[in-house]
Each structure stands twice: as C-alpha cells, then as structure tokens.
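Undergrad: Would you mind keeping the following structure in view while I ask a few things?
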Amino acid sequence: MGEKKPEPLDFVKDFQEYLTQQTHHVNMISGSVSGDKEAEALQGAGTDGDQNGLDHPSVEVSLDENSGMLVDGFERTFDGKLKCRYCNYASKGTARLIEHIRIHTGEKPHRCHLCPFASAYERHLEAHMRSHTGEKPYKCELCSFRCSDRSNLSHHRRRKHKMVPIKGTRSSLSSKKMWGVLQKKTSNLGYSRRALINLSPPSMVVQKPDYLNDFTHEIPNIQTDSYESMAKTTPTGGLPRDPQELMVDNPLNQLSTLAGQLSSLPPENQNPASPDVVPCPDEKPFMIQQPSTQAVVSAVSASIPQSSSPTSPEPRPSHSQRNYSPVAGPSSEPSAHTSTPSIGNSQPSTPAPALPVQDPQLLHHCQHCDMYFADNILYTIHMGCHGYENPFQCNICGCKCKNKYDFACHFARGQHNQH
C-alpha cells in the first residue's frame, strides 16, 4: 500500500520517442511527408498528453486514418492491401510490392557475379545462374525434355504436346482430370492401349510435321526403358485393373495426350487422302488379345488411339498407303490372329531393336521394304518416308527411287536435296 505507482508520463514519453523514430523512418522511405512537420505534430501531441496525463489516442488516429500511412511507409487500400505510390498496383506482402516498385525506379539489385546480368527479381537471378551451372530442375512429365526455367517448360508443353484446350470442342476427359492423371507419379508402366481406346475415334488424323518432330529425338529412350520397365512391373496374368494406372509418366504417353486433345476434331479435317496428314497406325484387335507378350505390350502402348470396339474394326482404304498394312481391311477377331500385322522402322537405315525371338504375326510389316519391327512409333515414322502415290518416292525431298534397295540407300546417304 505504501509503494508509489509509476508515473504514466514516463510511458507516454517513451512511446512518443518511439513514434518519432518510426515517423522519420517513414519519411526516408516514402518521401511524401515532411519529416519536420511530422515531428512538430508529434511533439504537440506529446505536450497535450503531458498536461492531461492521459493516453495518446490522437497520435494513433493521425497515423492510421488521417495520413493513411503505416510504419512500413506504404498506403493501404480499403481491403487492407499495400498500394504502390506510382500506380494502382496493390499487394498483400511488402516484399512483393518492393519488387514491383523497382519496375518504376529501374533498380536492379540482384546482379550476377559471372556476367553483366542484373535483375530486379531474385528468382530471375536464380534462373539465370542455372545457365552457368547447367542445372535443369524442371522436367516434362510426357518426354525427356528438361529446362532451367518454369516458363520454358510451359512453352514446351504448349508447343510440343498441344496442351492448350481446343476452342469450341469438348474433350472426352476434362483438362483438370487429364492433368491430374498425367502428373501422377508412379513407377509402373501400364498397358495404356486400353486407355487410348476410350479417348478418340479411329478416324482421327495427326499432323505429320508435328508428329515426326515430336518423337524422333525420343526413339533411343523408348527402345530401352519401356521394355525393361514392362518386364518388371506388368503382371503376367493380364491388364492392370486401375484405369488411372494406364496413363503414367513415361515418354510413350505423349501420344495419349495428343489423342485426347484431338479426339473431337470436326469431320472436315478427317480426310485420310490429304497428303499433309498422316493417318492413324494400324489398329489390330489381336494386340489387345495378346497381353502375355510383355515386350510387344510395351511397344503397342505408344500407338495412336484405336476403335472402342476391338471385335469390329472399320474398313481401311485400299489405296497405297504409308501407315497401313495391305491386310488392314475388315476382319473378325479370330482372323486377326492369322493375318500379317504392320509395324515398321523410322528409316530404312535404322535397324530394328534387339528383341527376343517373337512370333512373326506379332510384328508389324512394311510391304514396300519387306521389313518387320515390333515398335509402332518407328513404323509410323518409317511409313511417313514413303511417298503417298509412289511408295519408292522420298516423301522428304521428292527423289524417285527405282526399288526398295535404291530407296534404302537414299536414306542411308541422308542427302535430301529439294527438287
């Protein structure tokens, strides 16, 4: 009871001194308020507080409401965001707003110590340093492409894999669901032929230049990785039961992605006789009926979507074609096992991958070059080298060859002079 309570004036003086320091700090950052004027206002408020011995509500109101400034030196909008003093930009975080202000001031504090590069954003400097170190942390889920910047990866997905939604059409799978399935990390190489059947009709066509350019550089990886992973993960009893396991993170499933985007093309674009497009590869129902052959299952998983009814394939044109076998006409399910299917190579000079001895009926056949291969992608690229009207006319440069030997030598030399 005998102790004396501390004077509230000491607390008020300490707080006024703290406010004075913060006000000077605000003036140094923004430059919008005169430091002397604020100091005088605070001193006047301090004298009133000393005389009354009360708290300082007038000081708080002056800082928050009248001046519209905070201790960090930025104005706030009605929803509480920090506002740029040069434009109408607003941000919730101070760091983001400071980076934005550097656009107006031209300040670039983040500089590379190896070259003259400078940036206003720290993340841009981090991406630039990867060009010196060679680090490429961003990888495409659909192929072996790697890059050092996220924006380059997005550009690659749009340009190579056609991941932009088609206007005026409806895909069989929603874009969010498709992305979720494609980005699902799994170690199993599923039997994606079954998923491809449900994605698009058999009459879908693929633009030849994009198709050839997308997959030519990925052929070596497909030959080794797909067969090894299939031999370890695919059960000998048959197909996987989970449909989401059918679309996994491997280079072959970019065909499935392309098929899903082109599944609802208008009918006028589905002209198999056009020389600018490449029809779908052969759709043999026996491929689905032979799941026990693991190596062939891995190769077939990269094929373009086929008919949803494996027992009743549609008839094929009888014209000399680049992507179809001469026996690709209508056939029943039992007869498909005895017919000669068609698979080819990317070029006549490229040998077939080293595979175990297989039944010739499980290999795709090029009737022009008399070659058998078990990879459907190589077959499609190889058949694209044949001319549409003349099978021994180079489809790249237009050179007319005499026979299959002259045709093979022409591609072995690699001299494609435009005529």
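Cβ coordinates are placed from backbone N, Cα and C, and glycine is handled just like the others.
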Undergrad: If Swiss-Prot is the reference, give me the range from 42-65, 138-161 marked as zinc finger.
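TA: Going through 42-65, 138-161 one by one, Swiss-Prot gives zinc finger for 138-161.
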Undergrad: Do you know which of Lys162, Lys167, Lys185 is annotated SUMO2 cross-link by Swiss-Prot?
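TA: That would be Lys185, per the SUMO2 cross-link annotation in Swiss-Prot.
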Undergrad: Count the Cβ pairs between the zinc finger (138-161) and the zinc finger (110-132) that lie under 8 angstroms and are 6 or more residues apart in sequence, then report whether there are at least 3.
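TA: These two segments touch.
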